[in-house]
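S.K.: Got a structure for you, written out below as structure tokens; questions coming shortly.
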Amino acid sequence: MNTDNRYHWPHKDLLDVTQLSRADTLHLLDLAASFQEINSRPVKKVPTLKGKTVVLFFVENSTRTKTSFDVAGKRLSADTFALGKSGSSLNKGESLKDTALTLQAMSPDVIVMRHSSSGAARYVADLLPCGVVNGGDGWHAHPTQALLDCFSLREAWANSFEGRTLLILGDIAHSRVARSNIHLLTSLGVRIRVCAPRTLLPAGVDHWPVEVYTDLRQAVRDVDAVMCLRLQLERQQAGLLPDLAEYSRRFCLGLEHMALARPGAGVLHPGPMNRGLEISDDMADAPASLVLDQVAAGVATRMAVLYLLATRNDGGRA
């Protein structure tokens, strides 16, 4: 493990990848790579954040992100505890402000927060002196998901982003994962394509730094990787999709599609997967699938995030 003390981390919070410079991103990825080594040891724990406290404040349901942050904190020897809406006074009508101030009175070093309202994490970060990590806010942003995806792609692409092409496939309009990945990866020189039914493309997408497709076979041709997005089934109920079977026929990623991509192209998915709808069984289980690599990358990347925020005021540099 190498926590290079020459780089000054300038951010109290991690709310959106838009706040990160290219140097910030590359430093964080390098730090995550050093933490990745810990996860392969027989004893997967170091005392780096001993005495620090991390609160997992998840007002919106989460399994992967919350568990990943919990494991990340524990592997750095931080004390972690989780609080959801049902276990907080929010369920009794308390305001978000009062709940946040109550948590701050317990002197946490970092609060990781997920909320269904866009901007909620920034609101809390502006209130509190401790570090705040946005674990996902509405349709707005999911910075650590984008960072772990970036980490996974960097490993798959032998540390080279320039000249690579990524296809993001699925519900672009309602995806905070897509928004965060598009900004982060284009800042590193990756070309982005998006593919979805017109009803699942956001307004103004033609002005985004992406190529837009509605035909999967055209979109996947010669790409270096594909990122499938989870289709939220309530979109059909909202009338945005005429029929799930039709969506699957046109937009479910299969082995036949990846045969059109560049040799060695990988497939990512933030999870949970709807097999047979967004991605075929054969594709999900193929050697090209990077889904489990993403899970491992998530722990290492979130270890890096917690380390940078929890130690920022300790007098050293990260």
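Backbone N, Cα and C define each Cβ position, glycine as well.
Sharing the record's features from Swiss-Prot:
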BINDING   ARG64, THR65, ARG114, HIS142, GLN145, GLY271, PRO272  carbamoyl phosphate binding site
BINDING   LYS92, ARG176, ARG230  L-aspartate binding site
S.K.: Measuring Cα to Cα, how many Å separate ARG64 (carbamoyl phosphate binding site) from ARG230 (L-aspartate binding site)?
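M.R.: One finds 14 Å between the Cα atoms of these residues.
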S.K.: When you look at ARG64, THR65, ARG114, HIS142, GLN145, GLY271, PRO272, which the record names as binding carbamoyl phosphate, what is the longest CA to CA distance in angstrom?
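M.R.: Roughly 17 Å, rounded to the nearest whole number.
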S.K.: May I ask for the distance between PRO272 (carbamoyl phosphate binding site) and ARG176 (L-aspartate binding site), taken between their Cα atoms and rounded to an integer number of Å?
M.R.: 15
S.K.: Provide the three-state secondary structure of PRO272 (carbamoyl phosphate binding site) computed with DSSP.
M.R.: coil
S.K.: Taking the Cα of ARG176 (L-aspartate binding site) as the centre, which of the binding-site residues listed as THR65, ARG114, HIS142, GLY271 lie within 10 Å of it?
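M.R.: Neighbours among binding-site residues, in sequence order: HIS142.
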S.K.: At 10 angstroms around each C-beta, which of the binding-site residues ARG64, ARG230 has the fewest other C-beta atoms nearby?
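M.R.: Lowest Cβ count within 10 Å among the binding-site residues (ARG64, ARG230) is ARG64.
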S.K.: Return one of helix, strand or coil for GLN145 (carbamoyl phosphate binding site), based on DSSP.
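M.R.: Helix, per DSSP.
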S.K.: Counting Cβ atoms within 10 Å of each candidate's own Cβ, which of the binding-site residues GLY271, PRO272 comes out highest?
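M.R.: Per the Cβ count within 10 Å, the most buried is GLY271.
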S.K.: An 8 Å radius from the center of the ARG64, THR65, ARG114, HIS142, GLN145, GLY271, PRO272 Cβ atoms defines the neighbourhood of the carbamoyl phosphate site; name the other residues of that chain inside it, in order.
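M.R.: For the carbamoyl phosphate site, the extra neighbours are SER62, THR63, SER68, GLY135, GLY136, VAL177, PRO270.
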